[in-house]
Number of protein chains: 2
Amino acid sequence: MRTRPLKVALLGCGVVGSEVARIMTTHADDLAARIGAPVELAGVAVRRPSRVREGIDPALVTTDATALVKRGDIDVVVEVIGGIEPARGLIVTAFEHGASVVSANKALLAQDGAALHAAAEANGTDLYYEAAVAGAIPLIRPLRESLAGDKVNRVLGIVNGTTNFILDKMDSTGAGYQEALDEATALGYAEADPTADVEGFDAAAKAAILAGISFHTRVRLDDVYREGMTEVTAADFAAAKRIGCTIKLLAICERAADGGSVTARVHPAMIPLSHPLASVRGAYNAVFVESDAAGQLMFYGPGAGGSPTASAVLGDLVAVCRNRLNGATGPGESAYAALPVSPMGDVVTRYHISLDVADKPGVLAQVATVFAEHGVSIDTVRQQGKDGEASLVVVTHRASDASLSGTVEALRKLDTVRGVASIMRVEGE
Amino acid sequence: MRTRPLKVALLGCGVVGSEVARIMTTHADDLAARIGAPVELAGVAVRRPSRVREGIDPALVTTDATALVKRGDIDVVVEVIGGIEPARGLIVTAFEHGASVVSANKALLAQDGAALHAAAEANGTDLYYEAAVAGAIPLIRPLRESLAGDKVNRVLGIVNGTTNFILDKMDSTGAGYQEALDEATALGYAEADPTADVEGFDAAAKAAILAGISFHTRVRLDDVYREGMTEVTAADFAAAKRIGCTIKLLAICERAADGGSVTARVHPAMIPLSHPLASVRGAYNAVFVESDAAGQLMFYGPGAGGSPTASAVLGDLVAVCRNRLNGATGPGESAYAALPVSPMGDVVTRYHISLDVADKPGVLAQVATVFAEHGVSIDTVRQQGKDGEASLVVVTHRASDASLSGTVEALRKLDTVRGVASIMRVEGE
């Protein structure tokens with residue numbers, strides 16, 4: 001074994017960073033044996049140096065992250081700051097000074113992955129980011145490497161633990177959205193401002209990363225269609241149960257049937273209770289992958305938290321260190337397929353639509369005509385009525401999102417349709 | 001991209017081999033883009049060259065596998081023959097002639113993994129074998145690489161599709177073992193001679209491989225305790241249901257609580273219906289991993305079949321080819337921890353025991369005394385009796401397998417115990 005240690009600079013020392021530092025210390029011998037050389041924490045850049053950081057030598061702590069990554073003797077920079085800047089600038093500077101980078105930064109990777117990969121490659125260094133998607137769950141490496149000889153057609157994932165906790169709570173207790181969110185906040189599963197989670201921004205960043213890797217195509221955050229889950233109601237869950245489904249916030253990356261384009265989207269959807277994703281409880285994450293040869297795979301585990309995220313970061317750290325000892329780099333960006341990313345209107349799926357309608361003869365015929373005119377085929381219809389009020393619940397066969405939107409627009413114009421109570425996609429069949 | 005192709009020799013062209021050859025042809029451009037150089041099928045060694053092999057140039061087919069691996073211009077040998085010899089000799093010869101090897105051979109890896117790894121290392125070549133465990137499911141790479149910075153404490157897996165199909169059938173239909181086996185055979189899930197599957201030999205080989213990688217320790221097939229599932233009855237399933245469980249054939253690799261030793265075993269066990277492994281249906285495989293930092297992970301997918309296994313082989317092929325282009329090798333054997341492998345008697349778990357007893361007062365007291373004398377603490381007891389016949393169903397707290405064996409031996413000597421109807425371990429809690 002080499003005795004001269006590899007030097008690691010840690011940018012950020014919050015929940016994840018402090019756990020990375022802790023494990024680097026407590027498991028130093030294991031890491032050295034697995035890498036083939038010892039690793040040494042050479043510096044820790046933080047914003048508030050006065051905070052006590054147990055187990056970290058105060059002499060290593062600095063507020064000057066730029067100087068740290070510019071030192072020139074750093075082998076690997078671990079970036080767990082999050083956000084776009086200063087993370088982006090620091091990562092690029094690290095590459096320019098010969099360091100490889102392990103990052104957990106989904107927002108940055110989703111927005112600027114291509115540029116960062118290019119910077120890594122230009123400097124002969126590595127960019128690894130297993131921790132950016134689904135925390136501890138090995139997902140980036142299986143997609144980039146294990147399935148490198150296969151053709152991925154679809155990725156269907158629960159990639160945000162906060163929203164899965166809320167939806168699971170609504171499902172199991174009949175609670176409304178606000179009540180379930182309040183509980184998630186009280187238990188620390190939701191942040192004080194839950195927007196990034198409940199509006200699907202976090203999941204959309206992960207969808208962009210997953211789609212890019214799965215389809216060997218650049219997919220940016222802006223390419224991802226996004227709907228949050230704040231408008232999911234207890235009534236939606238009751239409706240889902242009636243058709244043997246539950247509701248999950250899904251990140252869905254798909255190759256079009258003709259293989260010529262891809263789509264990426266995040267929205268709440270009904271999925272059958274028999275689908276493996278339906279039984280993913282609490283704040284757990286799971287990602288279901290469909291490929292030509294492997295068939296259906298699922299990866300399940302904790303999607304967030306200090307220790308799980310640190311596990312993913314350290315796995316990458318070991319890989320990047322091994323690469324450096326080998327004088328090699330791991331797989332870089334693979335975007336050779338360069339498939340066009342289609343808009344949401346091109347997505348083909350099924351829909352569950354609840355309409356409030358007048359309780360009189362002929363309404364169903366009228367509604368059915370509108371569906372037919374827009375080329376949306378109806379699978380089942382259920383009518384419920386009393387006291388002049390009635391509802392129609394329609395589940396469609398597969399149709400394009402554009403056709404469905406046209407259908408709904410036309411339905412709203414019917415005198416007999418008093419309102420469209422809810423529209424939800426049905427996935428996983 | 002390099003234009004000179006990497007040359008691949010295929011040993012075996014059955015269900016898996018022919019699928020590997022097919023995908024290498026149909027997806028040649030994708031593989032070239034992902035590797036950075038084209039790959040060329042340079043030779044295919046088979047036993048019966050007269051069989052028509054669609055899509056394979058007859059000029060590539062040979063019966064002389066040894067000459068093929070000795071050619072000297074082969075970059076990667078893909079071994080999908082199975083069994084110990086001639087596979088072992090061919091793999092070693094391949095290493096000696098500078099080729100890296102991708103193998104799907106669980107029996108060989110479980111028996112001679114250390115020697116094969118040593119031969120690969122001595123020649124500066126790679127040995128990859130993702131396909132040897134759980135078919136298409138990325139498992140070896142996540143354990144070797146993604147979790148390289150973590151400490152795996154337990155692996156609990158359904159790693160044999162045939163037996164899971166049979167047990168799932170028994171669970172869902174109430175069928176007996178023979179009836180379910182007959183259906184598995186008729187549907188092609190079980191071989192004409194199902195011994196390797198139903199007696200747990202196949203799962204034991206996989207357990208040895210998983211334990212070795214997880215604990216950085218050499219674990220050989222002989223180190224794995226093994227019980228088949230041919231004696232599982234419909235009555236066992238009924239008993240399992242009464243305590244909220246189902247029955248699976250599990251491969252279990254555990255680090256002892258003190259961290260100083262490991263165990264590996266294969267046997268049928270009751271697991272709670274709430275456990276993610278309980279809902280793994282049909283011939284699917286799934287492996288549940290518990291580690292210090294990542295927590296609980298699960299990997300799920302098809303555990304066998306030509307296409308899924310080919311997906312795993314091709315993923316390895318891409319990785320090995322990239323390594324060659326980099327002039328590097330991937331992670332080799334990691335056995336630095338060298339922990340002792342403890343015998344089955346040291347395993348600590350829970351037990352479900354059904355006793356046929358005399359229906360008279362004092363029997364429970366007698367039985368409970370025997371458990372207490374052997375240090376096995378009882379969790380629950382259920383008595384059922386009529387017409388002078390009675391049964392006692394005992395579920396224990398955690399105890400060592402040796403203590404449980406001693407308890408059962410003593411119970412058999414009691415006059416009031418007419419027989420021990422069944423003993424089954426309870427896992428996954």
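Each Cβ is built from the backbone N, Cα and C atoms, and glycine gets one as well.
DSSP gives B:Lys206 (active site, proton donor) a helix state. B:Lys206 (active site, proton donor) counts 30 other C-beta atoms within 10 Å of its own C-beta, drawing on all protein chains shown. According to TrEMBL, the feature active site, proton donor maps to B:Lys206.
In the three-state DSSP assignment, the secondary structure recorded for B:Gly12 (NADP(+) binding site) is coil. When Cβ atoms from all protein chains are considered, those within 10 Å of B:Gly12 (NADP(+) binding site) total 24, not counting its own. Among the features that TrEMBL reports, NADP(+) binding site is placed at B:Leu11, B:Gly12, B:Cys13, B:Gly14, B:Val15, B:Val16, B:Gly17, B:Ser18.
In the shown protein chains, 26 other C-beta atoms lie within 10 A of the C-beta of B:Lys106 (NADPH binding site). Per TrEMBL, the feature NADPH binding site maps to B:Lys106.
Annotated L-homoserine binding site per TrEMBL: B:Glu191, in sequence order. For B:Glu191 (L-homoserine binding site), the Cβ neighbour count at a 10 Å cut-off comes to 13, with all displayed protein chains included.
Annotation source TrEMBL lists domain 'ACT' at B:352-425.
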Nonlocal neighbours by CB distance (under 8 Å) for B:Gly14 (NADP(+) binding site), same chain, sequence gap 6 or more: B:Val80
For B:Glu191 (L-homoserine binding site): DSSP state (helix, strand, coil): coil
Three-state composition of the domain 'ACT' (B:352-425), taking helix and strand from DSSP: 24 helix, 35 strand, 15 coil
Average model confidence [pLDDT] within the domain 'ACT' (B:352-425): 93
Candidate recorded positions B:Lys106, B:Glu191, B:Lys206, pick with smallest Cα gap to B:Val15 (NADP(+) binding site): B:Glu191
In the chain carrying B:Gly17 (NADP(+) binding site), residues 6 or more apart in sequence that have Cβ under 8 angstroms from it: B:Leu10, B:Leu11, B:Val44, B:Val78, B:Val80
Integer Cα-Cα distance in angstrom, B:Lys106 (NADPH binding site) to B:Ser18 (NADP(+) binding site): 19
Among B:Leu11, B:Cys13, B:Val15 [binding-site residues], residue with fewest other Cβ within 10 Å: B:Val15
Residues satisfying Cβ distance under 8 Å from B:Ser18 (NADP(+) binding site), sequence separation of at least 6: B:Arg53, B:Glu54, B:Ile56, B:Gly306
